[in-house]
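Student: According to TrEMBL:
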- 4-101: domain 'PH' (DOMAIN)
- 104-137: region 'Disordered' (REGION)
- 117-137: compositional bias 'Polar residues' (COMPBIAS)
- 416-436: region 'Disordered' (REGION)
- 420-433: compositional bias 'Polar residues' (COMPBIAS)
- 638-657: region 'Disordered' (REGION)
Amino acid sequence: SDHMENIYGYLMKYTNLVTGWQYRFFVLNNDAGLLEYFVNEQSRHLKPRGTLQLAGAVISPSDEDSHTFTVNAASGEQYKLRATDAKERQHWVSRLQICAQHHTEAIGKSNPPLKSRSFSLASQGSANSPGVQRRPSQNAVSFFNVGHHRLPTGKRVPIMQPDHLVDVREMMSQAEGQQRDLIRSIECLPASGHLTSLDQDLLMLKATSMATMNCLNDCFHILQLQHASQQKGSLPAGTTISWLEPKISLANHFKNGAAQNFPAEINKPASVREEQSIAEPCQLTREPEEINPDEELEDICDDKEDDLGAVEEQRSVILHLLSQLKLGMDLTRVVLPTFILEKRSLLEMYADFMSHPDLFIAITNGSSPEERMIRFVEYYLTSFHEGRKGAIAKKPYNPIIGETFHCSWRMPKSDVATDAGTNSSAHSPSEQVTLPKDPEGQAELDYYTVKFVAEQVSHHPPVSGFYAECVERKMCVNAHVWTKSKFLGMSIGVTMVGEGVLHLLEHGEEYTFSLPCAYARSILTVPWVELGGKVNINCAKTGYSASINFHTKPFYGGKLHRVTGEVKQNMTNTVVCRVQGEWNSVLEFTYSNGETKYVDLTKLSVTRKRVRPLEKQGPFESRRLWQHVTESLRDGDIDKATEHKRALEERQRNEERLRAETEAPWCTKYFLKDGDGWVYHKPLWKTVSAAQTQQTDSN
């Protein structure tokens with residue numbers, strides 16, 4: 001080929017989390033089919049620092065940016081590279097792809113297909129038999145013979161006819177049975193010795209066999225859809241199509257990595273059948289429901305999360321999971337083990353960020369734009385301790401699409417700081433607002449009410465919308481968050497993509513803000529959580545902004561959970577407040593007048609939220625939806641919790657598949673799409689504006 005030319009030059013190569021990106025000199029050797037790299041161009045005559053065989057490799061541009069791309073070798077090794085610009089990336093990608101294709105085809109021509117072999121587990125015999133004694137150089141996968149079936153020479157593969165789907169399903173059922181036997185055989189191996197059930201190669205074999213069967217089932221489903229679409233035009237009116245469902249559900253193969261039996265539907269717990277049989281959400285009422293705060297009771301649920309501690313007893317589950325992951329892999333569709341779950345939904349976690357409503361309400365009582373921005377920063381930084389439940393490395397439930405969560409807080413007026421910094425609730429005449437009266441209308445209430453609602457508005461990507469308001473103080477916050485998780489080696493990173501806006505209607509101010517990233521560290525030893533990244537808070541009207549840095553711990557030394565930030569006036573570039581400390585411990589605020597304020601989050605009072613009892617909640621409200629999972633986790637029954645969790649997720653997948661087949665859009669209940677974001681359907685700024693317009697008209 002004219003394009004089979006040797007190219008060379010500098011690229012950035014990602015090494016690891018500690019070292020990060022480094023410049024290296026790369027050489028594409030087309031004749032040998034190798035990608036080699038050196039420390040620099042001067043060391044090119046020396047032995048390469050690294051070499052990748054390009055035969056069978058996959059070269060793909062990254063969707064992170066226009067400069068990055070990856071080279072995935074057939075051996076499983078991966079290079080993550082970055083060019084200086086999009087043009088240079090395209091040059092490298094195209095040349096690497098041509099070279100990889102050339103050498104892959106060359107290998108295919110010189111190596112005929114493997115001979116047919118039976119699918120069977122090697123005979124183990126007695127402990128002294130040669131079949132059990134594994135030589136150090138022997139690969140564990142060689143203990144298993146996987147069938148490769150070769151077509152007779154000269155015969156073409158016949159075109160698949162619709163009536164052949166039944167035969168295909170039968171063959172797949174046999175393969176599923178063989179795959180289950182393989183898994184059981186691996187898991188029956190001893191926990192110690194030359195060949196164990198935790199052998200790295202065997203864990204990889206378990207993962208790849210499972211992935212293969214999942215892929216085959218996806219392909220089979222596509223054939224079903226194609227078959228149905230072809231028949232829709234030829235079947236007489238009124239004819240129904242009977243879907244050819246798999247006889248064995250692959251999702252039920254494992255509970256935390258263990259082999260399982262496959263009981264009949266009638267043997268399932270009634271709660272599981274209930275979870276699977278709840279009607280399609282769009283067939284339920286999707287009209288917004290007005291929640292009466294008087295129906296809500298102070299939350300008595302106190303689910304303290306136990307530390308995961310050492311995960312030795314779950315190591316086989318984690319290793320099985322890690323064997324399926326690659327560096328930088330998106331974990332959105334990866335099902336994580338049940339034992340790492342918190343006993344709450346992600347939507348309720350967002351509500352727990354509001355556990356200091358006194359600080360939230362006090363924002364609007366600030367006497368100046370500067371003080372209001374500082375108060376918002378103080379509230380923002382104190383919200384993560386309760387929202388994250390400290391530094392425990394557990395994960396909330398992934399919300400089901402259409403899931404909602406409602407709650408409220410009642411805050412005594414005497415506990416809310418005013419513009420003077422006291423705990424009196426008096427307002428200046430210009431800030432007087434109409435306060436609600438009790439149900440009998442006899443007297444003004446002595447507390448403020450903050451109402452909260454959250455909804456999972458999208459499944460892929462997973463997007464949550466949440467909204468909170470205090471009508472008496474004419475303030476509300478609206479936010480949408482898309483959680484993107486990635487595998488980072490021995491850590492898991494979660495990026496919170498989205499934006500929130502705080503509206504202070506008494507002052508006509510809007511504060512935009514974002515959320516930091518979260519990281520689960522040391523997932524094979526004692527897992528822990530830290531926050532990281534830079535967030536910004538801006539108020540366009542007043543010109544005040546805040547820049548906050550959540551610092552991740554350095555590899556050597558340094559403090560955990562450190563945060564620093566500053567508030568400044570953009571017009572004059574004057575810093576009016578600096579903050580430092582730990583987001584789950586003590587924060588220090590230093591003001592421009594020299595004063596210093598300390599906030600000890602461990603001693604900060606938490607206001608309990610108010611929620612409706614389970615019997616009054618709708619079927620898609622978080623606590624009722626996940627109640628059986630939560631109860632099982634409280635009882636320490638991980639297998640039962642996994643079964644209930646799987647039933648909910650399977651129902652969601654079936655509903656999503658049905659909507660895709662019928663091209664039916666999803667109907668949200670409380671939030672409306674607004675550009676790239678989501679907005680509450682009846683925000684306070686619209687209500688107040690309408691009321692003011694009506695009052696003006698009446699005058």
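Each Cβ is built from the backbone N, Cα and C atoms, and glycine gets one as well.
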Student: Let's see if you can do this one: DSSP helix, strand and coil counts over the region 'Disordered' (638-657), in that order.
Tutor: 20 helix, 0 strand, 0 coil
Student: Between 0 and 100, where does the mean pLDDT of the domain 'PH' (4-101) sit?
Tutor: 87
Student: Just give the helix, strand and coil counts over the domain 'PH' (4-101), going by DSSP.
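Tutor: Counts, helix then strand then coil: 19 helix, 40 strand, 39 coil.
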